[in-house]
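> Pulled these features from TrEMBL for this protein:
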- 28-44: compositional bias 'Basic residues' (COMPBIAS)
- 58-73: compositional bias 'Pro residues' (COMPBIAS)
- 111-277: domain 'Exonuclease' (DOMAIN)
- 1-108: region 'Disordered' (REGION)
- 279-327: region 'Disordered' (REGION)
Amino acid sequence: MGMVPQEAPESAQCPSPSLASPSAKDVLRRKHKRKSRQHQRFMARKALLQEQGLLSPRPAPGPSPLPMLPGAPPGAKATSSARQHPRAESGGAGCSRKPAPRDSAGPLPSKCVAIDCEMVGTGPRGRVSELARCSVVSYHGEVLYDKYVRPEMPIVDYRTRWSGITRQHMRKAIPFQVAQKEILKLLKGKVVVGHALHNDFQALKYIHPRGQTRDTTSVPSLLSQPGLHVRNRVSLKDLALQLLHKKIQVGQHGHSSVEDAVTAMELYRLVEVQWEQQVASSLRAPPEDREPDSGTDMEQYMEDQYWPEDLAQGTSGGMGEAPGRRE
């Protein structure tokens, strides 16, 4: 009779782990569905560009064909391939759940990040650009870093119309030296994607290896489409609208560095295969045949089309120290 009341509390505790287990599974299932939908949207955009002739489809990379053995029957090689890839011709739903195979020339997703910085004006007339916010996202668009940064000099112009930075943001900002150390730790050894990256690196007081830099201002030339209406240095906003069919940098609250970094990564993934093949071939070329590094060509960004109208009018007499500005 004494055993019954002792067993009751133990049985009452049993449902707790069983209730927690389905909840964890639900979280994982929702996360998987969310990533699947994101991948489906990306593939749909890529297919649309292929239909419009803006992006040439490429066969999925696979193993090299097996050599034909002397005296072997004609079907021997096909049988070996089918044994290695039993689902290659099935076309079932299982294949659509996984991303397309990656090109071996490109970096691994874990070694690829996108960055975007927002700057404010310091120094005389606020014409010196200093870092005020930095965002870093992963290959899949997950936010790895997003912090406000206190410039080393007093802020003269918040440039809120473009930067989105206000005085209130500086209350929770961290010192530049601290932010710089945290950000460079994330960038070290990674392929860094961004738009007009020289502005971001200049604000960080940092130089990233050219071979590990992917500036999305090069995307139009990779597409090689004369009908694509872009300038020599097209804005991120225009690229997003024309190639991704999405609107960014809307409203009157300035840019979002997270949104811009995610968009840059989406553009990179759109032409990743072509880009990495081009990088690989340029590395194999003799040094005298390699193209100059256009990512460090800052003179073109001094043109009025890349400046806010009020700043362009105020600096028509001389260039001075131009604010790092990117659309």
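Keep in mind that glycine also has a Cβ here, set from the backbone N, Cα and C atoms.
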> Let's see if you can do this one: DSSP helix, strand and coil counts over the compositional bias 'Basic residues' (28-44), in that order.
17 helix, 0 strand, 0 coil
> The domain 'Exonuclease' (111-277): mean pLDDT?
92
